[in-house]
Number of protein chains: 2
Amino acid sequence: MALEHAILVSLAERSATGYDLARRFDASIGRFWKASHQQIYKVLARMEADGWTSAEHIAQGARPDKKVYALTEAGRGELIAWLARATPPEQVRSEFAVKIRALHLLDRVTVLDAVRARRADHQARLDGYDLSMSKFFPDPSALAEEEIGPYLALRGGIRLERNGIDWCNEIIETLENR
Amino acid sequence: MALEHAILVSLAERSATGYDLARRFDASIGRFWKASHQQIYKVLARMEADGWTSAEHIAQGARPDKKVYALTEAGRGELIAWLARATPPEQVRSEFAVKIRALHLLDRVTVLDAVRARRADHQARLDGYDLSMSKFFPDPSALAEEEIGPYLALRGGIRLERNGIDWCNEIIETLENR
DNA sequence: GGGCGCATGTAAAGCGTTACATGATTGC
DNA sequence: GCAATCATGTAACGCTTTACATGCGCCC
């Protein structure tokens with residue numbers, strides 16, 4: 001896919017400026033797709049040229065002018081078409097896992113420290129997700145139609161971090177018991 | 001990081017040609033770092049220029065000539081230094097998760113079909129990993145020193161697939177119960 | 001006769017990261 | 001006075017993907 005489809009998803013939720021999108025990519029959507037503002041502005045310009053979005057220029061006295069992007073019918077069509085297309089299984093790319101493979105080249109203490117640091121890292125993100133969960137979905141048994149997706153995506157994030165923690169624990173235990 | 005460090009890890013296990021590496025990246029190492037042969041040949045050339053690897057030219061009558069790359073002392077040093085450097089938490093990039101976020105824009109049947117297909121995909125890879133496990137590590141309580149890393153990496157892969165399956169099941173159940 | 005395995009590359013295009021650039025307002 | 005927030009970009013570089021290119025031997 002590409003960034004443009006993630007932007008389509010975000011704009012379908014709410015129209016936004018490039019700046020807004022960049023912040024969303026730092027928070028919710030960004031759990032599964034990171035993007036810098038530089039990238040976003042470039043792609044946004046291309047999407048406008050392709051007719052997927054339309055921009056409304058808004059002058060603000062004190063603050064800088066802004067361009068609010070909204071989905072066009074064509075953009076919405078492309079979004080639906082993309083959603084319906086089969087998703088190729090994405091490949092994992094984990095520097096940590098590559099290092100784990102070669103762990104016997106390092107002394108045990110260094111490895112254990114690194115694994116504990118990574119576990120703390122997973123835990124910190126998990127704490128953030130738990131907070132989002134209680135803030136945005138306090139009652140998961142009563143979700144509005146458009147909330148199911150974001151809820152399940154957040155659940156996916158939580159599972160990912162928990163899984164990361166479990167793996168770290170397994171590594172630590174395996175190394176300590178020998 | 002980059003591909004070069006994954007190649008260093010692979011060459012530390014055994015010297016290899018670019019072709020061999022490409023196959024390894026299709027199998028074991030590739031669980032966590034994919035690379036095409038085009039990429040590998042280019043990086044290998046640069047690594048040789050940097051003195052991290054040394055190549056031995058071998059002419060084979062019938063088959064094409066080959067270059068067997070081995071780690072140099074400098075390469076080994078770089079590998080150890082990289083292993084000891086802190087690993088920045090890698091960002092997830094999941095097209096599937098982005099789609100899940102926007103799932104309410106599609107009809108339920110299409111979504112469920114897609115999620116079931118993805119679950120099957122996870123299951124297929126898990127089956128492959130289970131096979132590797134029984135083939136290479138039939139007795140995990142008696143692992144040689146250099147086997148611990150590859151064993152734990154494989155465990156990580158297994159956990160990842162299982163976690164993927166669990167998430168798919170949660171999505172399916174959530175969608176079916178409403 | 002056709003496809004696969006071995007073996008090595010070049011070239012172009014697209015995507016992503018990092019650095020640079022500007023400028024006003026608000027809060028500490 | 002200094003940092004952060006709002007707001008939008010350009011430029012250079014590097015990594016990744018996709019397409020193109022070659023050529024022999026073996027098996028069905």
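Even glycines carry a Cβ here, placed using N, Cα and C.
Source: prediction; values computed, not measured.
For the domain 'Transcription regulator PadR N-terminal' (B:7-79), the predicted model reports an average pLDDT of 93. According to TrEMBL, the domain 'Transcription regulator PadR N-terminal' annotation covers B:7-79.
Look at TrEMBL and you will find B:92-176 tagged as domain 'Transcription regulator PadR C-terminal'.
Residues in the domain 'Transcription regulator PadR C-terminal' (B:92-176) partition by DSSP class (helix H, G, I; strand E, B; coil) as 71 helix, 0 strand, 14 coil.
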